[in-house]
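**Q** Okay, these came from TrEMBL:
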DOMAIN    42-288  domain 'G-protein coupled receptors family 1 profile'
TRANSMEM  26-48  transmembrane segment
TRANSMEM  60-79  transmembrane segment
TRANSMEM  99-121  transmembrane segment
TRANSMEM  141-163  transmembrane segment
TRANSMEM  206-226  transmembrane segment
TRANSMEM  238-261  transmembrane segment
TRANSMEM  273-291  transmembrane segment
Amino acid sequence: MDVPNNRSSVSEFILLGLSNSQKIQIFLFAIFFLVYVAIIVGNLLIVISVIVDTHLHSPMYFFLANLSFFDLCFSSAATPKVIADFLRKRKTISVWGCMVQMFFMHFFGGGEMSLLIAMAIDRYVAICKPLHYQTIMNRRVLIVFLLLSWAIGFTHTTSQMVFTVGLPFCGPNVVDSIFCDLPLVIKLACTDTYVLELLVIANSGLLSLICFILLLISYMVMLVTIWQHSSSASSKAVSTLSAHITVVTLFFGPAIFIYAFPFKSYSVDKFLSVFYSIITPLLNPIIYTLRNQEMKEAIKRL
């Protein structure tokens, strides 16, 4: 009966991190720091190149620049705190700091998910309706797609966080992760969270699974269309499409494993935390620059 009066008894969460060994933590600090710098530099190069270089003023590169911006923000929502924690013996984060971290991670994650769908639509129009591409993918349509991505990201995170911020935390406060992971934080509440856990699974897991399946179907249609028209333009389209498919698989694959399958393993949870915080935001610029000659030339000019 005293639970309602103890809602503020927990003022911070303790993050267990990846290791208790000081030597290993110093090593991880160096690795995470270097990777984060690479994420900042790589994604900023793409954004600046698309803005400055007139050769890249097309719908495809417009979406690519915004994808890099989402990656930059998504990684920055948690990674700087993770890096700083490697130098601390006691890794803590305030309850409200935790809520803010989860809000922005799901905000930019949901926005990136929506943007990948917009990029697939762009590639579909370019490959399946090339003669009408400039007419269909006009500036107004691009702005609408971008605003929808921001709106879906905001709706996605708000629909979960509006129920999470009001949870009472008055008991355990240890989060077995490197940052505030929404499913793990919910389990620490001093109340029945079964319905909320189902909401998170339905919101994040099933949405990721459905979007992933729809994207795969659309890419299969595009590949069939390309194979029916063998030309130099088709080979370029295959190269661009393969980069998109790789990024989509890397982004949605782990998300589906997190929410759609009941993994409770320590190694799986920790691996997926590292994957989303530093690996995915780093791989996206690498994949798009190494597979795209125009982007490589633009970065050289820059």
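Using N, Cα and C of the backbone, Cβ positions are placed for all residues, glycine too.
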**Q** Averaged over the whole of the domain 'G-protein coupled receptors family 1 profile' (42-288), what is the pLDDT?
**A** 84
**Q** Select the range from 26-48, 141-163, 206-226 that forms the most Cβ-Cβ pairs under 8 Å with the transmembrane segment (60-79).
**A** 26-48
**Q** Using a Cβ-Cβ cut-off of under 8 Å, list the residues of the same chain that are 6+ residues beyond the ends of the transmembrane segment (26-48) and lie near it.
**A** 18-19, 64-65, 68-69, 71-72, 75, 79-80, 82-83, 86-87, 278-279, 281-282, 284-286, 288-289, 295, 299, 302
**Q** Excluding the flanking five residues on each side, which residues at least 6 beyond the ends of the transmembrane segment (141-163) place their CB within less than 8 Å of a CB in that stretch?
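**A** Residues 59, 62-63, 66, 70, 99, 102-104, 106-115, 118, 121, 182, 196, 199-200, 203-204, 207.
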